[in-house]
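First the structure, in the form of structure tokens, and then the observations on it.
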Amino acid sequence: MMIKNKKKLLFLCLLVILIATAYISFVTGTIKLSFNDLFTKFTTGSNEAVDSIIDLRLPRILIALMVGAMLAVSGALLQAALQNPLAEANIIGVSSGALIMRALCMLFIPQLYFYLPLLSFIGGLIPFLIIILLHSKFRFNAVSMILVGVALFVLLNGVLEILTQNPLMKIPQGLTMKIWSDVYILAVSALLGLILTLLLSPKLNLLNLDDIQARSIGFNIDRYRWLTGLLAVFLASATVAIVGQLAFLGIIVPHVVRKLVGGNYRVLIPFSTVIGAWLLLVADLLGRVIQPPLEIPANAILMIVGGPMLIYLICQSQRNRI
């Protein structure tokens, strides 16, 4: 009971930190806002300068929160579905497949803009299915599976590079220049995906069982692995439709959360949601304040942090095999 209460207290503290970071991100920038500016705006209702800043910063902050949460949860789900601690949507090519589909849809059927998360999901499924089919045939270990995923990532990024030579082929570049319609589109996918994940979370712990143990208790492990994998691909692909590829968030957060609160998915999913949202928000905030008025993409900061972590996890995986 004491441990459970400590986890609840930690979760509340993380929520407070997240809200405080969101406020700091909102008032920080080339044009700074004071508390008095916000107070005047919300009491009088008229302040054109504040209104313009709200329309520039608030969509960006909300999208950072949703994308961070979705990618962190997607990483946790992929690791559960594939039973691979190194799995992450960007590394195994899911994000690249989703981005190619997104780019093609915007070129040929731009009128379906509001359906981009769903269309990107179709593109993200292709590399995921290839990984599953190859794994079922060759039974890769954790590192070999990631190497196959990296090969798919390189292949699909090559295709994407060719496609983007067309000046009409536009792909999203991070969190900059986001508008309210982007928030609305992503919010639908975020709510749907995260609610389904919370409903599924009691079953996720059973994915650690082997096939014989699962069948002995009447648990259809293959069905839930597929459901978990598809949900992970959906969450990651929906973010790609709005912000493009963001690396390593799906690796960093689940491993940090496991160190903090253990591997119980009922606890891991909510904590991953909050910490993922906070981490991307911090990366975006740092990118805006390190060298103003220039902006460093949040993805660059995540790669600087995530690259060494991936190397560490690969070394740890190899050590465990010895």
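Here, residue 1 is simply the first one shown, and the rest follow in order.
Including glycine, each Cβ sits where the backbone N, Cα and C put it.
Feature annotation from Swiss-Prot assigns transmembrane segment to 9-29 (among others); the stated evidence is sequence analysis.
Summarising the annotation, Swiss-Prot assigns transmembrane segment to 61-81 (among others) and lists sequence analysis as the type of evidence.
Residues or ranges marked as transmembrane segment by Swiss-Prot: 89-109 (among others).
What Swiss-Prot lists as transmembrane segment is 114-134 (among others).
The feature transmembrane segment is assigned by Swiss-Prot to 143-163 (among others). Sequence-distant neighbours of the transmembrane segment (143-163) (same chain, 6+ residues past either end, Cβ-Cβ under 8 Å): 82, 84, 86-87, 90-93, 96-97, 99-100, 103-104, 127, 130-131, 134-135, 169, 171, 314, 317-318.
As annotated by Swiss-Prot, transmembrane segment applies to 179-199 (among others), with the evidence given as sequence analysis.
If you look up Swiss-Prot, you'll see 233-253 (among others) marked as transmembrane segment. Residues 63, 66-68, 70-78, 86-91, 94-99, 102, 116-117, 119-121, 123-125, 128, 171-175, 178, 182, 185-186, 189-190, 193-194, 197, 272, 275-276, 279-280, 298-299, 302-303, 305-307, 309-310, 313 of the same chain, all 6+ positions outside the transmembrane segment (233-253), place their C-beta atoms under 8 angstroms from a C-beta of that stretch.
Per Swiss-Prot, transmembrane segment is recorded for 267-287 (among others), and the stated evidence type is sequence analysis. Sequence-remote contacts of a segment are chain residues at least 6 beyond its ends whose Cβ falls under 8 Å from one of its Cβ atoms, and for the transmembrane segment (267-287) they are 7, 11, 14-15, 17-18, 21-22, 24-25, 28, 60-61, 64-73, 75-76, 175, 194, 197-198, 201, 204, 246, 249, 252-254, 256-258, 260-261, 295-298, 300-302, 305.
Look at Swiss-Prot and you will find 294-314 (among others) tagged as transmembrane segment.
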> So what's near the transmembrane segment (179-199) in sequence-distant terms, Cβ-Cβ under 8 Å and 6+ beyond its ends?
Replying inline: 55, 59, 62-63, 66-67, 69-70, 73, 77, 113-114, 116-117, 231, 234-235, 238-239, 241-242, 269-270, 273
